[in-house]
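Asker: Quick one: the structure is below, questions incoming.
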Amino acid sequence: MNYFPWLTIIVVFPIFAGSLIFFLPHKGNRVIRWYTICICILELLLTTYAFCYHFQSDDPLIQLVEDYKWINFFDFHWRLGIDGLSIGPILLTGFITTLATLAAWPITRDSRLFHFLMLAMYSGQIGSFSSRDLLLFFIMWELELIPVYLLLCMWGGKKRLYSATKFILYTAGGSVFLLMGVLGVALYGSNEPTLNFETSVNQSYPVVLEIIFYIGFFIAFAVKSPIIPLHTWLPDTHGEAHYSTCMLLAGILLKMGAYGLIRINMELLPHAHSIFSPWLMIIGTIQIIYAASTSLGQRNLKKRIAYSSVSHMGFIIIGISSLTDTGLNGALLQIISHGFIGAALFFLAGTTYDRIRLVYLDEMGGIASPMPKMFTMFSSFSMASLALPGMSGFVAELIVFFGIITGQKYLLIPKILITFVMAIGMILTPIYSLSMSRQMFYGYKLFNAPKDSFFDSGPRELFLSISIFLPVIGIGIYPDFVLSLAVDKVEVILSNFFYR
């Protein structure tokens with residue numbers, strides 16, 4: 001057990017420091033912005049220091065463990081710990097949240113509340129990734145939803161109330177199943193109810209009961225991921241949310257669903273996952289094709305990017321269901337890769353809207369000439385999204401492909417069919433991605449329009465875009481930097497499917 005509470009400080013610090021925003025002197029929004037950015041930078045530095053000097057990547061066991069008794073009545077503990085599976089998403093959360101606060105610089109209305117909600121969301125996300133107690137995981141999961149709902153309601157577009165209501169109905173409905181699964185696992189199989197994740201992992205369940213638990217957890221995580229047909233909240237939410245909120249949604253929130261599938265459905269319930277994995281493989285394949293085809297028909301720029309996110313999540317589902325080291329490592333790499341790329345695309349879409357005040361692609365065109373920097377950055381991230389070699393998306397999708405081909409669970413003909421359909425999906429990706437760039441930047445619709453508001457990217461936008469682009473290129477050139485974090489943990493998880 002760790003004697004210095006690194007993880008507790010990392011989880012609590014953002015929301016605690018964020019609550020002090022309301023006590024800052026009224027000296028304009030600039031003080032609040034810089035205060036929030038400093039908190040995020042300090043948190044990211046603290047996290048990086050703790051992981052660099054106190055985390056050993058070659059150890060698959062839980063590290064930096066903290067266990068404090070909280071409520072004696074039903075053995076509820078404040079229990080935190082990290083392993084190779086959670087370190088990547090936690091660092092991604094810190095990086096994207098820091099950049100999202102910088103992206104939110106133009107926000108002036110109710111600035112204190114806005115930045116507090118972003119920091120509260122930060123704590124909830126890190127708490128979810130580091131929880132080793134099932135009920136604590138559920139509490140952190142819910143803590144992260146409330147700020148998103150308020151950010152949507154108060155700083156969204158014209159249809160923000162509809163989108164926020166749809167978001168909360170879907171996610172709250174999924175949370176009911178999550179709570180039922182948590183309580184079911186806690187109450188089964190021991191004289192005293194336990195919420196300890198380590199104890200639950202070593203517990204054996206009857207197959208029927210394990211399937212019931214699996215379905216409950218799967219519904220909760222399928223809403224968040226999202227997995228079709230529980231994805232319809234996502235395009236509406238992205239279409240109305242402020243682009244800094246979209247960065248957090250695409251970069252982190254969707255990845256929480258994928259993390260939950262691996263952490264709970266796969267690690268906690270391996271027998272049920274083995275039964276359901278062929279169906280997950282089919283769903284993931286359909287999702288890639290369906291979302292890519294639907295994205296092509298979207299007029300709204302942000303909705304087109306949202307459907308592209310749904311399509312890319314299909315690769316993660318396929319990697320999780322492949323039951324191979326290679327496939328699962330590819331899924332984890334895709335989680336990190338798409339976290340960067342999705343956040344960047346939504347940021348650039350939002351900053352473009354700030355300049356031209358248009359959101360429909362068929363009304364755009366010809367803005368490459370007055371905004372060459374914006375054109376260059378958007379084109380670069382579009383290339384990353386369509387998995388151009390040398391960028392992180394290419395490596396992640398290629399590893400998922402190898403995971404399916406080398407898997408022993410599936411017969412040769414199904415593997416060939418799935419690979420063929422996935423390849424079709426990869427062909428559709430450049431079609432909708434490149435057509436999006438063509439409609440925005442080429443043509444003549446806005447070519448002769450007054451250029452007063454068509455100012456190009458400033459230092460803030462350039463810094464933010466380059467900060468995201470560097471890890472996309474870095475992971476594409478040297479993916480082992482990310483893969484080495486989780487490779488031992490992946491072997492431990494998959495050993496349950498063959499030796500348990």
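Every residue, even glycine, has its Cβ placed from backbone N, Cα and C.
What you are looking at is a predicted structure, and each value in this text was computed from that prediction instead of being measured.
Sharing the features that Swiss-Prot gives for it:
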type	residues	note
TRANSMEM	4-24	transmembrane segment
TRANSMEM	35-55	transmembrane segment
TRANSMEM	87-107	transmembrane segment
TRANSMEM	113-130	transmembrane segment
TRANSMEM	208-228	transmembrane segment
TRANSMEM	242-262	transmembrane segment
TRANSMEM	272-292	transmembrane segment
TRANSMEM	305-325	transmembrane segment
TRANSMEM	330-350	transmembrane segment
TRANSMEM	386-406	transmembrane segment
TRANSMEM	411-431	transmembrane segment
TRANSMEM	462-482	transmembrane segment
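Map these features onto the structure and tell me what's around them.
Answerer: Sequence-remote contacts of a segment are chain residues at least 6 beyond its ends whose Cβ falls under 8 Å from one of its Cβ atoms, and for the transmembrane segment (4-24) they are 31-32, 35-36, 39-40, 42-43, 46-47, 50, 54, 64, 66, 78, 80-82, 90, 112, 115-116, 118-120, 122-124, 126-127, 130.
Residues 7, 10-15, 17-19, 21-22, 32-33, 35-36, 39-40, 43, 47, 80-82, 86, 89-90, 93-94, 97, 100-101, 104, 107, 136-137, 139-148, 150-151, 154-155, 244, 248, 252-253, 256, 259 of the same chain lie 6 or more positions beyond the ends of the transmembrane segment (113-130) yet place their CB under 8 Å from a CB of it.
Nonlocal intrachain contacts for the transmembrane segment (208-228), taken as residues 6+ away from its ends with a CB within less than 8 angstroms of a stretch CB, comprise 170-171, 173-175, 177-178, 180-181, 184-185, 188, 234, 253-254, 256-258, 260-261, 264-265, 269, 271-273, 275-276, 283, 286-287, 290-291, 310, 313, 316-317.
Cβ atoms under 8 Å from those of the transmembrane segment (242-262) belong to residues 85-86, 89, 92-93, 96-97, 99-101, 103-104, 107, 118, 121, 125, 128-129, 141, 144, 148, 151-152, 155-156, 217-218, 220-227, 234, 302, 305-306, 309, 313, 316-317, 320, 328, 331-332, 335, 338-340, 342-343, 345-347, 349-351, 353, 493 of the same chain, restricted to positions at least 6 beyond its ends.
Sequence-distant contacts of the transmembrane segment (330-350) (same chain, six or more residues past either end, CB-CB distance under 8 Å): 85, 88-89, 92, 96, 99-100, 103, 238, 242-244, 246-252, 254-255, 258-259, 262, 301-302, 305, 308-309, 312-313, 315-320, 374, 377-378, 381-382, 384-385, 392-393, 395-403, 461, 464-465, 468-469, 471-472, 475, 479, 482-483, 486, 490.
Sequence-remote contacts of a segment are chain residues at least 6 beyond its ends whose Cβ falls under 8 Å from one of its Cβ atoms, and for the transmembrane segment (386-406) they are 281, 312, 315, 318-319, 322, 324-331, 333-334, 336-338, 340-341, 415, 418-419, 422, 426, 429-430, 433-434, 471-477, 479.
Within the same chain, residues 278, 281-282, 285, 288-289, 292-293, 296, 308, 311, 314-315, 318, 385-387, 397, 401, 404-405 sit at least 6 positions outside the transmembrane segment (411-431) and bring their C-beta atoms closer than 8 Å to a C-beta of that stretch.
With a cut-off of 8 Å between Cβ atoms, the residues of this chain six or more beyond the transmembrane segment (462-482) that come close are 88, 95, 99, 102-103, 332-333, 336-337, 340-341, 343-344, 347-348, 373, 377, 380-381, 384, 389-396, 399.
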Asker: Using a Cβ cut-off under 8 Å, which residues of the same chain at least 6 positions beyond either end of the transmembrane segment (87-107) come close to it?
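Answerer: For the transmembrane segment (87-107), the nonlocal Cβ contacts are 10, 29, 33, 36-37, 40-41, 43-44, 47-48, 51, 55, 57, 114-115, 118, 121-122, 125-126, 129-130, 155, 242-245, 247-248, 251-252, 255-256, 259, 332, 335-336, 339-340, 343, 347, 350, 354, 460, 463-464, 467-468, 471, 482, 485-486.
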Asker: For the transmembrane segment (305-325), could you work out the same-chain residues 6 or more beyond its ends whose Cβ comes under 8 Å from its Cβ atoms?
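Answerer: Those are 225-228, 231, 234-235, 237-239, 250, 254, 258, 261-262, 266, 274, 276-278, 280-281, 283-288, 290-292, 294-295, 298, 331-332, 334-335, 338, 342, 345-346, 349, 385, 393, 396-397, 399-400, 403-404, 406-409, 418, 422, 425, 428-429, 432-433, 436, 487, 490-491, 494, 497, in sequence order.
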